[in-house]
Structures are given as C-alpha cells and as structure tokens.
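Below is one structure, written out as structure tokens, with a few remarks after it.
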Amino acid sequence: MDQKLLTDFRSELLDSRFGAKAISTIAESKRFPLHEMRDDVAFQIINDELYLDGNARQNLATFCQTWDDENVHKLMDLSINKNWIDKEEYPQSAAIDLRCVNMVADLWHAPAPKNGQAVGTNTIGSSEACMLGGMAMKWRWRKRMEAAGKPTDKPNLVCGPVQICWHKFARYWDVELREIPMRPGQLFMDPKRMIEACDENTIGVVPTFGVTYTGNYEFPQPLHDALDKFQADTGIDIDMHIDAASGGFLAPFVAPDIVWDFRLPRVKSISASGHKFGLAPLGCGWVIWRDEEALPQELVFNVDYLGGQIGTFAINFSRPAGQVIAQYYEFLRLGREGYTKVQNASYQVAAYLADEIAKLGPYEFICTGRPDEGIPAVCFKLKDGEDPGYTLYDLSERLRLRGWQVPAFTLGGEATDIVVMRIMCRRGFEMDFAELLLEDYKASLKYLSDHPKLQGIAQQNSFKHT
C-alpha cells in the first residue's frame with residue numbers, strides 16, 4: 001500500500017478528534033465542503049461553536065420554553081422522521097393531533113362540535129396561527145361584503161400594540177393595519193380608540209392577550225362590549241380574533257374568571273403558542289375556530305386519512321410530528337391540575353422579583369406578574385424625573401456579563417421615549433434561580449454606582465425582545 005495512503009488511513013483510524021487534520025482548519029462557511037470528515041470531528045466543531053450561544057435558561061427575554069424533561073426528548077427523537085402533514089402514512093400521529101385540537105378547544109370554551117371534532121389545527125408557532133386566523137377573518141368579511149354588493153378592495157384590521165407577525169399578515173395579504181398606538185398613560189387598545197378606528201371595511205379586531213412589550217393583558221371583554229354597542233348604533237358586525245400567544249395557556253388555569261375566549265360571541269378564532277406557556281418544545285402553535293362556520297371552506301384542503309379524507313389548513317407543509325406529540329405528552333402528564341401548579345409557580349417567582357426589585361431603585365411598574373393582570377412577567381421603568389445614576393440599558397449590559405439576558409428597550413407608537421426593562425418568568429426559572437438573579441442585579445447596581453463615568457455607554461448595544 002502507498003505510504004501516504006497508509007499514513008492517511010492510520011490517522012483517520014487512530015487520531016483523536018483534536019488531533020485530526022479536519023479540526024486543524026477553519027470550518028467552511030462560504031462554500032459547500034469538498035471533502036468528508038469523521039462524524040465525531042464534525043460534531044465537535046459544531047458543538048464547540050454552540051458554546052458561544054447564550055445560556056437558554058438565563059434568557060429572561062424569551063417567552064418560549066427553555067426546559068423540557070427527558071421524556072420530551074425521547075418522544076421528539078422517536079418522531080424526528082415522521083412528517084406531520086402525511087396523515088395517511090402516520091395515522092396515529094394524526095389522531096394525537098386531533099386530540100390536542102379537541103383539548104385546546106375545550107380549554108377555551110369552544111361550543112361543542114356537531115361531529116365531535118373541534119375546528120382547529122396545529123401550526124409551527126403562534127405566528128402561523130395568527131396568519132391563519134387573519135386569513136379566515138378576511139375571507140368571512142369578503143363574503144359578507146360581496147353578499148351586500150359592496151367593494152372588497154380596502155380591508156383593514158384593528159389592533160393594539162401587536163407582535164410583528166400581524167404586520168407581516170397585513171403586508172402579505174394586502175390589509176391595512178390600524179394599530180392603536182401606545183402613548184403615555186394609554187399603553188393598550190381601549191374601547192374608545194378602537195371604535196374610532198372601525199368601519200365597514202374592518203375585517204376584525206385583534207386584542208393581544210399578553211402584550212409582548214410589557215406582559216399585560218389587553219382584556220377582550222370591554223372591547224367586545226363596545227363592538228356590541230357599535231353594531232347597535234351602525235349595523236356593522238365585527239368579529240374578533242384573540243392573539244393569546246402567551247395568555248391562552250395561562251388564564252384558563254390561574255385566572256379562570258377572566259372572560260376572554262369563546263365565551264364572548266364575537267370571538268371567532270383564537271391563536272396561541274404551544275411552545276410558550278403551553279410548555280411544548282419549540283415549533284408548536286395552535287389556532288382554534290369557534291365552529292365550522294367560522295372557517296371558510298375555500299381555505300381547507302382535504303387529504304387522505306384512514307380510508308377517508310380529513311381537512312387541513314396550514315401555510316407550512318412538511319415538518320416533524322414531534323412537537324405535536326410532545327404537546328400531547330404535556331397535556332396528559334400535567335392535566336389541568338399540573339398546569340395550574342406549574343403556572344402558579346411562575347407567577348410566584350414574578351411576584352417575588354417585583355417586590356424585591358421595587359426596593360432597589362426608583363421604579364414604576366407596568367406589570368408585576370399578577371394572574372389577574374397579565375402573564376408572569378415583570379416590567380418596569382424609571383420613575384419620571386428620577387436619575388439613579390444609570391440607565392436601564394446600563395443595567396441590562398451589566399447583567400449580560402453574568403449571562404443574564406434581560407432586555408431593556410423603548411416602547412412603541414407614541415411612547416418611544418419610555419424605556420422599560422422586562423423579565424419573563426417561565427417553567428425552569430425557579431425561586432432559587434430568581435434569587436441568584438437578584439444577587440447579580442444588586443452587584444450590577446453597586447458596580448454602576450462605583451463607576452459613574454461608564455453610564456450610558458450600553459445604550460447602543462442593548463437589545464429588545466418583543
């Protein structure tokens with residue numbers, strides 16, 4: 001055998017991964033690689049790069065779950081090669097999907113379905129769910145306008161400070177977005193300003209049940225009642241879609257007396273993230289319609305399933321079934337009792353943080369993490385006229401040096417001069433972990449007090465997560 005080939009073969013067989021030739025070069029990033037390498041070497045390169053990511057458990061900006069038990073990992077692994085869209089090939093996964101739809105519909109007080117199956121679908125997240133809910137709103141509105149012989153070329157959607165997905169929906173589906181702007185003292189959509197924005201071209205009103213900027217609920221019932229009066233005065237009937245990305249899996253367990261869901265007759269659809277407070281792994285969302293009449297059949301495609309056909313309505317197509325199966329595991333594992341305990345624990349942490357942080361500076365709280373107020377988030381600003389010697393951007397930057405990702409950012413609309421800090425409390429961020437955050441918070445305040453010349457340098461480098 002050629003000596004070079006023998007040497008190469010011996011190296012490939014015996015070299016440790018850190019002695020391998022492939023790891024002594026910079027990983028390809030611009031061109032498709034020419035040559036193969038050992039699997040352990042490729043894994044090591046990627047694994048080492050991922051150490052540069054932030055620690056997900058210390059990410060207090062995200063609404064998404066960052067902790068999953070070992071059974072979720074096992075189920076995800078079992079389902080990695082099952083295509084969610086292939087109902088005929090994977091009938092049991094499809095059956096589990098339908099069970100979840102029924103469970104979520106029951107949680108949100110949807111009317112009992114005529115055929116025993118609730119109307120809804122799993123999505124890749126709440127953004128896709130919002131898109132689907134918005135499409136159905138536009139189609140229903142267009143039908144009504146056509147039946148009345150009126151033009152359908154100027155649809156609009158009325159909402160408060162919404163997540164970016166609604167801006168995408170408006171642009172992609174050619175709908176005017178009438179977003180009620182945040183302003184000092186009026187950070188959320190109120191009935192008066194909502195009604196002023198509505199007309200016969202309004203396809204629907206979208207309250208956000210858990211506003212991303214602050215964590216507060218935009219309560220649907222007062223808006224719903226105002227729309228009732230608007231219809232009585234004008235004859236214009238306007239539907240509601242509830243964007244419950246976070247609140248949809250919180251209020252049913254910890255604040256069941258809040259009337260926000262299908263108990264309100266105008267609510268035709270609700271969307272939520274399974275991978276936020278639904279406790280599923282990333283890549284899971286849900287949208288549920290009130291009944292079959294609320295989902296225009298032109299939007300539904302039929303696919304083969306158990307010798308018959310089943311309707312499907314989605315923007316995405318091929319994707320693994322693992323997220324749905326993991327969501328079903330959480331539903332079975334926890335039930336109403338378990339979800340109530342898990343979510344209450346997050347609220348207790350939020351309340352503790354709000355109480356302790358209030359002692360540390362001149363802060364005005366927008367959200368204190370109470371179940372009757374919003375999601376388990378703590379959001380605050382510096383009191384007007386107060387100068388503690390640092391900005392919230394400075395504080396965010398100092399906390400980041402200890403691994404904590406706590407965003408400081410300006411509000412939107414007409415409130416862009418208001419800088420807030422927001423802390424999300426989720427499963428896995430337990431009381432002991434919160435105490436460690438407080439210790440680093442206090443240490444950061446001391447550092448900023450001892451180094452006043454460094455104030456303000458972090459402003460351009462801070463980040464937001466809304």
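Just so you know, glycine gets a Cβ as well, placed from its N, Cα and C.
These features come from Swiss-Prot:
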BINDING   Thr62, Asn83  substrate binding site
BINDING   Ser126, Ser127, Thr212, His275  pyridoxal 5'-phosphate binding site
MOD_RES   Lys276  N6-(pyridoxal phosphate)lysine
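Ser126 (pyridoxal 5'-phosphate binding site) sits 9 Å from the residue listed as 'N6-(pyridoxal phosphate)lysine', taking the CA atoms of both as reference points.
The two recorded residues Thr62 (substrate binding site) and Thr212 (pyridoxal 5'-phosphate binding site) have their Cα atoms spaced 10 Å from each other.
Within the same chain, residues at least six positions away from Lys276 (N6-(pyridoxal phosphate)lysine) with a Cβ under 8 Å of its Cβ are Phe63, Cys64, Gln65, Ser126, Ala245, Ser246, Phe249. Residues listed for pyridoxal 5'-phosphate, Ser126, Ser127, Thr212, His275, cover a largest CA to CA span of 15 Å.
The secondary structure of Lys276 (N6-(pyridoxal phosphate)lysine), as reduced to three states from DSSP, is coil rather than helix or strand.
When the alpha carbons of Thr212 (pyridoxal 5'-phosphate binding site) and Asn83 (substrate binding site) are compared, the span between them is 31 angstrom.
In the three-state DSSP reading, Asn83 (substrate binding site) counts as strand. Excluding the listed site residues Ser126, Ser127, Thr212, His275, the same chain places Phe63, Cys64, Gly125, Ala129, Cys130, Gln163, Cys165, Ala245, Ser246, Ser273, Lys276, Gly285 with Cβ atoms within 8 Å of the centre of the pyridoxal 5'-phosphate site Cβ atoms. A count of other CB atoms within 10 A of each Cβ picks out Ser127 as the most crowded of the binding-site residues Thr62, Ser127. Counting only residues at least six positions away in the same chain, the Cβ atoms of Cys64, Gln65, Gly125, Pro281, Leu282, Gly283, Cys284, Gly285, Gln323 sit under 8 Å from the Cβ of His275 (pyridoxal 5'-phosphate binding site).
Counting every protein chain shown, the Cβ of Thr212 (pyridoxal 5'-phosphate binding site) has 21 other Cβ atoms within 10 Å. Of all the binding-site residues listed here (Asn83, Ser126), it is Asn83 whose C-beta has the fewest other C-beta atoms within 10 angstroms.
In this structure, the C-alpha atom of Ser127 (pyridoxal 5'-phosphate binding site) lies 20 angstrom from that of Asn83 (substrate binding site).
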